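Enquirer: I have a structure here, written as structure tokens, and I will follow up with some questions on it.
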Amino acid sequence: MTANVLFPLFANLHDRAVLVVGGGKVAERKTEALLKVGALPIIGAPSLTASLQRWAETGRITWRQGTFENSWLQEDIWLVIAATDQPEVNHAAARAAHAQRLFVNVVDDIALSNVQVPAVVERGPLRIAISSGGGAPMVARYLRQQLESLIDDSWGRLTTLFAQRRDTIRARYPNIEARRRFFETQLAGPLQRLLRKQRHAEAEAVLEAALAKTPPTESGSVTLVGAGAGDAGLLTLNALRALNEADIILYDRLVSDTVLQMARRDAEQIEVGKSATGHSVRQEDIHTLMLQHARAGQRVVRLKGGDPFVFGRGGEELEFLRTHGIPYEVIPGITAALACAAYAGIPLTHRDHAQSLCLITAHCQSSLDTLNWAALAQERQTLAFYMGVAGLPTIQQRLCEAGRTETTPFALIENGARAQQRVLTGTLKTLAHTAQTYAVRPPALLILGEVTALAEHLHWFGTTPLSAPCPPRTHPIS
């Protein structure tokens, strides 16, 4: 059974009653966590651990001695935690809480719980919660341990430093975008390093000096970012930084949802993708959007699949931005030929097979008509055709006519570097027939050359490459 997706939420339980059903070690841990946030725990159990007993005697908690009763919920309870080793008692407490529409957490029971208590990293007022939805708590605990080693106490002190000056910062930067950029600048500066060295006075002086400066005039900019091809893990660190600083993200159709989820949550995302068969946004309209938002002082990310300068019209966009005086930068990405080849186990160059690589766009018939097919037919080179699914029959015909041998191996990679990747292999003679037989659909990349034969024993990702089917007795190229 798949657990429901949980909505992440932090609760203010200060001076609010929480019923903990159970008096053992698990209940003790839950109660201790509640006391840390100022809650008013009410413990319902026949007996208590030594620590719970001591807290009850000193008035830190209230003890309802006995087995769970519905009447315990007559008090002003905000949350119920069932933490006994008796399933029937936990069930009774959960049913009663559900009947009164109370949030209830039953320890180690996803089905009975409507809230889960996450693993937490605490650094002063800074709290980072990690949850597996109750399905795999050990994963959450493991990740918490990893974060514990990465996030030291200075981050808690930095959080406190900002919190103490919250009103001053808001008054100095009333515009939310300007305020966000101020925080980003300070977070990238020396504050945290000074606090790590226990140099609190210097950190305070640095922040005060920053607040005393006249807020800079905001100017917009555009960053062309390559999202890589397929696997979101191929996104570069610079690309991730740009996504987290963006106000507006203009993204192409092939950019994955996983990559978009890495962006700053409140950044506006606008799809401007192009499709040969579906809705497309004109390049002129993309130019207008970049100009409009940059002139409004916003940081625009033009997010493209693969690399912006490899069949991505990035050059045209930079020329437009330069003409209109808009600041820009370019963050390269891993282009489809590199990503697809790597994930298919195909070295694009190889001392024994290929000394050069040619990247070719096969987007439309006019693109194919301009190619030097005689040069492409030369041996000992690897050809990578982008956007060429519809043009495969033409590619096969023109290469054969130009003298490329029909036995030249190829690999057709559909959804490269993605979980659903499919690799089809064969020879130039069977190229169009193979694509038709396996109903290949975009996005797909054609790699042609002797190196593609290596995919058969070098592949490592996804399913085994599929061999070309037997061609029909007659298969004129059309």
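Think of each number as a place in line: the chain as shown, counted from 1.
Heads up, the Cβ atoms here are built off N, Cα and C, so glycines get one too.
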Enquirer: Of the residues MET290, MET387, only one is listed by Swiss-Prot in the S-adenosyl-L-methionine site with GLY305, GLY306, ASP307, VAL310, THR335, ALA336, GLY416. Which is it?
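Expert: Answer per Swiss-Prot: MET387.
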Enquirer: Given a separation of at least six residues and a C-beta threshold under 8 Å, show me what packs close to SER132 (phosphoserine) in the same chain.
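Expert: Looking at Cβ-Cβ distances below 8 Å from SER132 (phosphoserine), excluding near sequence neighbours, one finds VAL139, ALA140.
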Enquirer: MET387 (S-adenosyl-L-methionine binding site) to LYS274 (active site, proton donor): how many Å between their Cα atoms?
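Expert: With distance taken Cα to Cα, LYS274 (active site, proton donor) is 12 Å from MET387 (S-adenosyl-L-methionine binding site).
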Enquirer: Sorry to bug you, but what's the C-alpha spacing from GLY416 (S-adenosyl-L-methionine binding site) to LYS25 (NAD(+) binding site), rounded to the closest Å?
Expert: 51
Enquirer: Relative to the Cβ position of MET387 (S-adenosyl-L-methionine binding site), how many further Cβ atoms are located within 10 Å?
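Expert: 20, counting other Cβ atoms within 10 Å of MET387 (S-adenosyl-L-methionine binding site).
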Enquirer: Measure the Cβ-based neighbour count of SER47 (NAD(+) binding site), defined as the other Cβ atoms within 10 Å of its Cβ.
Expert: 10
Enquirer: Suppose we draw a 10 Å sphere around the Cβ of ASP307 (S-adenosyl-L-methionine binding site). How many other Cβ atoms does it contain, all chains included?
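Expert: Here the count is 25.
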Enquirer: Going by Cα-Cα distance, which of the recorded positions (VAL26, PRO46, SER47, ASP252, LYS274) sits nearest to GLY306 (S-adenosyl-L-methionine binding site)?
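Expert: Checking each of VAL26, PRO46, SER47, ASP252, LYS274 against GLY306 (S-adenosyl-L-methionine binding site), the shortest Cα distance is to ASP252.
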Enquirer: Considering the recorded positions LYS25, LYS274, which residue's Cβ sits among the greatest number of other Cβ atoms within 10 Å?
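Expert: Most Cβ neighbours within 10 Å: LYS274.
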